[in-house]
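Copied over from TrEMBL:
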- Asp62, Gly63, Arg67, Asn137, Asp138, His165, Asp167, Thr178, Ala179, Tyr180, Asn181, Leu182, Ser183, Asn241: NAD(+) binding site (BINDING)
- Asp62: active site, proton acceptor (ACT_SITE)
Amino acid sequence: MKNFLLVTRNMEVSRDWIDRLKAVIASRGGSLICLENPQDSTNPGSIPVPENTDGILTLGGDGTMIRAAQNTLGSGVPLIGINGGHLGYLCDLDPDGVDEAIDLLMEDRYEIESRMLLAGMVYDAQKKPDQESVALNDVVIVSRRPMEILCLTVYVNGQPLYTYHCDGMIFATPTGSTAYNLSAKGPIVDPKTRLILLTPINPHTLNSRSIVLDPNDIISVKLTARREGDEPVAEVSFDGNHRRQLVPGEELVVYRSREEIKMMKLSKMNFLERIRNKMQSN
């Protein structure tokens, strides 16, 4: 008997889909428990995963998948997404093929892909860190004030890399290469690889490009004033959540998380085929 957990953004909106999935899984001798994704939280363990759970299904878009991955972090249970959003880079299942997909899941005819995560924290002026946060897609720094250019100095393993004058900075995982990084003209990379992408947002220079870093590099970022008397204020976010302020004198440190996310893959298409299909449908 296979036991699945379904995580969705809104139980009432998804009621018809939930009833259908329960019926399909029950007809194959399995069971399905349904839970709602906390909308104001992405904290490991905030979604309780029963011990006998074989897989976690998400119903929605990539945002639902990201929240579910973070909220079930540490369970070790693999996830697979049913795409109810737009592109759904992270969601492997189309709604029209759910019945066939359930058959494959019940028969263990799928592969497991492990995806690396980023972790990070902000150190205040007294070098005291705040709570660690994790990201499946990216860690992003942007200004809290419209039209303000940030002066960000990046260090890798304690060595200065470059001082960027830009609208912000993206530190992306391979999974996140098709998210904000893609919009900022960063490279697309296979999500099974292990690396960290550094992509400046609208840099004020002619020669600034994305940089590919070793996954074990420790990256730190300091915000400084561009002119005397300036008081810049930046905001750091992890997958768009866990937002916190960054001001001069503080330091953001980003590194590879000890945790990884497991994702179930049913499609026989390789990464490049999936990317081509997603791009053509956009």
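A Cβ is built for glycine as well, from the same backbone N, Cα and C atoms used for every other residue.
Feature map: annotations from TrEMBL on the structure.
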residue: Asp138; record: NAD(+) binding site; contacts (Cβ under 8 Å, 6+ apart): Leu118, Ile170, Phe171, Ala172, Thr173, Gly176, Ala179, Tyr180, Asn181, Asp239
residue: Asp167; record: NAD(+) binding site; contacts (Cβ under 8 Å, 6+ apart): Val142, Ser143, Ile149, Leu150, Ile201, Asn202
residue: Ser183; record: NAD(+) binding site; contacts (Cβ under 8 Å, 6+ apart): none
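Under the three-state DSSP scheme, Ala179 (NAD(+) binding site) falls in the coil class. Over all protein chains present, the Cβ of Ala179 (NAD(+) binding site) has 23 other Cβ atoms lying within 10 Å.
Local packing around the Cβ, expressed as the count of other Cβ atoms within 10 angstroms, is greatest for Asn181 among the binding-site residues Asp62, Asn181. Cβ neighbour count for Arg67 (NAD(+) binding site): 25 (other Cβ atoms within 10 Å of its Cβ, all protein chains included). DSSP gives Arg67 (NAD(+) binding site) a helix state.
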